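Some features that TrEMBL has for this protein:
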DOMAIN    50-136  domain 'Cyclin-like'
REGION    286-333  region 'Disordered'
COMPBIAS  290-301  compositional bias 'Acidic residues'
COMPBIAS  302-316  compositional bias 'Low complexity'
Amino acid sequence: MEAFKLMKELKTNVEQEINYLPKETGLILIESAEENGRGISAKCRDAKVEDLWSLTSFFGYSTQAFVLAVNLLDRFLAMMKVQPKHLACISIGCLHIAAKTVEEECDVSSSHELIRISQCKFTVSDLSRMEKIISEKLNFQFKSVTALTFLHLYHAIALSHTSNRTEVLNLDKLEVQLKACLCRIVFSKAKPSVLALALLIQEIEALQSVDMLEIAHRLQRHLKIADGDLFYWRELVAKCMMDYSSPECSKPDNKKLVWIVSRRTAQNLHSSYYSVPELPTIPEAHWDESESEDSSEDLSSGEESLSSSLGSDAEGPYFPPCFCRQRQKPHTS
């Protein structure tokens, strides 16, 4: 029964996916544009998508929000003539629309916060106007059928048809691979159903699972995907994964957050760098109410230090999870 429902859902999404594809002629124009020309080049677009990935990680948004934001961005860029100076506002607008579409309302960051963290040079009213333009041009069709839609369906179908439910097929890993592909405009020309199947088969072959490979080929025959088309996108996916895994590749999740501050702020930070107040030690044996109140006062003044502590020397992955939606906590001794 579960498998039947999944196949029915698969059929519905295959019929609808064409409605959410960016215009291929527009994507080709972007690919052929000069880097320093008036239009948006492929390199410029790809860089903005990497920024969206980083912002998605920072705000704790889901993969679905990122994939939808990229879909909205590509659909808009493929139908409009856009100047490079407007691309930042457009990309942030697409991310904000995507977040409001798929995330819980309480988890969606404000326009002001998006602009502040992305350090873009436009106002909240600019962003609001841009979101209105994007929404109207895309006919308010936000709930797109994307490669992530098919990736989740394929994964569920594969698990429902195999007796070996050891969950060796890692969905999180497949999602990261998809995000890496979407950072290249060429994959925006692929049908979502074909791109997702190419990713799935590559991972299955790496796992050397005969049963799951047979299921993947059944899906290919069911969807009537030509061998040539699947082979073409599998080759591009394999090359993308090889490049992405190389040490020369600058991955969004491994970048460092650099805060740009004014000269006055920098001087204030420099003068107060060594004047860090000592926090009272919390006894291990019991909790003292009076000390708790004092400690909470110190915490309230520590929010500003979050920005200054994440300079170019910050270690660890880009936008560490501990900085997402929580205040910095003092260490206890």
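Every residue gets a Cβ built from N, Cα and C, even glycine.
Keep in mind the model is a prediction, meaning the values are calculated, not measured.
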Residue distribution over DSSP helix, strand and coil in the domain 'Cyclin-like' (50-136): 68 helix, 0 strand, 19 coil
Integer mean pLDDT for the domain 'Cyclin-like' (50-136): 95
